[in-house]
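TrEMBL annotations:
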{"type": "ACT_SITE", "residues": "CYS142", "note": "active site, for GATase activity"}
{"type": "ACT_SITE", "residues": "HIS247", "note": "active site, for GATase activity"}
{"type": "ACT_SITE", "residues": "GLU249", "note": "active site, for GATase activity"}
{"type": "ACT_SITE", "residues": "ASP290", "note": "active site"}
{"type": "ACT_SITE", "residues": "ASP448", "note": "active site"}
{"type": "BINDING", "residues": "CYS142", "note": "L-glutamine binding site"}
{"type": "BINDING", "residues": "GLY377, ASN513", "note": "substrate binding site"}
{"type": "DOMAIN", "residues": "67-263", "note": "domain 'Glutamine amidotransferase'"}
Amino acid sequence: MAAAAAAATFASSSSSSSKNFEVLSLSSSSLLSLPKNFHKNRLSSNFKPPRYLSVRASASSDSTVTLLDYGAGNVRSVRNAIRHLGFDIKDVQSPADILNANRLIFPGVGAFAPAMDVLNNTGMAEALRAYIKKDRPFLGICLGLQLLFDSSEENGPVEGLGLVPGVVGRFDSSNGFRVPHIGWNALQITKDSGILDDIGNRHLYFVHSYRAMPSHENGDWISSTCDYGDNFIASIRRGNVYAVQFHPEKSGDVGLSILRRFLLPKSSLAKKATEGKASELAKRVIACLDVRANDKGDLVVTKGDQYDVRENTQENEVRNLGKPVELAEQYYRDGADEVSFLNITGFRDFPLGDLPMLQVLRYTSENVFVPLTVGGGVRDFTDANGRFYSSLEVASEYFRSGADKISIGSDAVYAAEEYLRSKVKTGKSSIEQISRVYGNQAVVVSIDPRRVYLNHPSGVEFKAIRVTDQGPNGEEYAWYQCTVNGGREGRPIGAYELAKAVEELGAGEILLNCIDCDGQGTGFDIDLIKLISDSVSIPVIASSGAGAAEHFSEVFTKTNASAALAAGIFHRKEVPIKSVKEHLLKEGIEVRI
C-alpha cells in the first residue's frame, strides 16, 4: 500500500518538472477540495518571498543537475540547495533520464523497502546500477547511500541495489545511545574524499535509525566514518561515485560546500571552511516559532504565557513578535541547529487548507539549510465536502513543502490512550502511518503536560515523582497530566505513560513541553525532563521555561536531553543563540559552531 502510494506520487511529481517550483504544488494524491474560508489566514500584504542569492551558472548541460525524486519526504531542500548554488534541475521521468545524466543526485528519504519497491517497479533500479557501474558522477544522500548496499534489515530483510557489499542494520540502543541518531556529529575522514575537502572538522547533520558498517569487503569504498555507539560508514567514494549518510542540504554552509564540490569538482573557487572542533554528537539549540493568525488575519510569530498568547491590554490582541520567514532566516544566520514551526491553532481547522503555513515552509526552505520541523493539525481529517484525508496525506504535504520532521500533538495523545487500552498496534494511528513510510526519525511527538500535585505518589494510577519545588499546599509529589487542544483539555494519561507508548508506536523523538513553565523564564522543568529522558531510548527535546543561557547548560548537565528549545528569549533578543552556544562551550558541552 505504502509503496503503491509512493509510486503514484513519483509518477505525478515527475510528470512535469515545473511543478516542483510552483508556490503551490499539490500531487495527485492530495488534490484538495478546500474549505471556503481557507484564505482567512494569510501572509501579510507586504510579504515578499526571499530571492535567491546565488549567481546562476551559464545555461548549458554543465549547469544542469539530474535529480531522482521518487516522491517521498522532503526533497525540496535539496532542490533549493542546488538552485542556491546556481544550477538548474532536470527531474528523472524515465530510466533513460538516469542513463543520460551528466551528474545525478539521489536524495533518498523515507524507509528502505518502499523506496526499493518504487525503484524496481519503475525500472529505475536497473538504470541506477548501470549508471553507477560506468563510474558516472553520482551523489547519494542518506537513504541514497543505504540503497547502494546489498540489503537492509529495515522492515526486512530487503534487497538493495547490491553495488556495495554489506547489510544495513539498526543502531543498537542497548548501549545507551539514543535511536534514531539525530543531530550534528563529527566525521573521521579515512581517505582522499574529494567532496569533503572543505569540512574543516565541522559538524554535519545526521538523522537516521539504520546504518552500514565497515567491513573488509567494503573497505575500499569508505571515505569517512562516524562514531555513534558503532563506528559506522558516514560516506563512500569510488571514482566519480559518492554517497553520504548525513544531509549536506541540512548542514548549513559546510553542507553547501560539499554539494558545491560535487557539482564543481574542478573549481578552485570554493572557500575553505573555518576549522572547527567537532569530536562527537553535539547538543542542539533549537529556535521555535509559534505561528498563528492575528486578529487581522496575518500570520505572525507569537509567544504564550502558560499558553496564553494575547497581550494583557484593553485590545487583548495577539502578541506579535515578528514575521515567520524573516525570523527563521535570522535564526539560521545566528546559528540555530534547527527551526521548529508550531501552528498553534492547527487543531481547529483543516490543516491542508492552511495555505499560508505551507507557503511559510516553502519560502523558509529556500534560504534556511538546517532541519525544519512543523506541527499543528497533523491528524486524519474529513473536509466540508466529505472528502477524507489521512494523517499521512497531511504529513506528506508538509514534507513536500519543506518540512524535515512532523510534530504530532493531540492526535498522539489519543493514539497512546487507545494503544494502552487495547494493547494492539492497529497501524492506523498518525504515528504508525507516517513512520512506516518516512521512517520514525521523521516523527516528533509534542507532549504538553501540566503538574498535578499530590501528597503521596500512591494517590494516582500514573507515574508520580518527588518534585524539587513543592506545590501550593506543600505537596512534595506530582504527576504530569497530558493535555490536548493547545493545553485546553486535560486527558487521563501521564507524560511518562504517553512517552513510553508513543515510542512503541514508532515516534522517533519527543518534544517535551511544560505548561507550568511556559513563558516564565525561570528554567526548564528538570524533574519532568529527567523523568522522560531516563525512561525512553529516543531523543528528547527540552522545552518551556528558558530565560538565560545557564538554563541550557543546566538541562544538559542534569538530564539526558539531546536538545533544548526556546522561543521568547530569542524573539525578544534577550538571549541570542550565539550567547547560548558560547556559554555551553565554556561549560564543556559540545555544540555546533
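Cβ coordinates are placed from backbone N, Cα and C, and glycine is handled just like the others.
Considering only the recorded positions HIS247, GLU249, ASP290, GLY377, ASP448, ASN513, the residues lying within 10 A of CYS142 (active site, for GATase activity) on a C-alpha to C-alpha basis are HIS247. The highest number of surrounding Cβ atoms within 10 Å, among the active-site residues GLU249, ASP290, is found at GLU249. For GLY377 (substrate binding site), none of the active-site residues have C-alpha atoms inside a 10 Å radius of its own C-alpha, out of HIS247, GLU249, ASP290, ASP448.
In terms of Cα spacing, the active-site residues HIS247, ASP290, ASP448 that come within 10 Å of ASN513 (substrate binding site) are ASP448.
There are 26 other CB atoms within 10 A of the CB of CYS142 (active site, for GATase activity), with all protein chains counted. Sequence-distant contacts (6 or more apart, same chain, Cβ under 8 Å) of HIS247 (active site, for GATase activity) comprise SER77, ILE141, CYS142, LEU204, TYR205, PHE206, VAL207, GLY255, PRO371. Other Cβ atoms within 10 Å of the Cβ of ASP448 (active site), summed over all protein chains shown, number 28.
Cβ neighbours within 10 Å of ASN513 (substrate binding site), excluding its own Cβ and spanning all shown chains: 29.
Between the alpha carbons (Cα) of ASP448 (active site) and ASP290 (active site) lies a span of roughly 14 Å. Over all protein chains present, the Cβ of GLY377 (substrate binding site) has 25 other Cβ atoms lying within 10 Å. For GLU249 (active site, for GATase activity) paired with ASP290 (active site), the C-alpha to C-alpha distance reads 24 Å.
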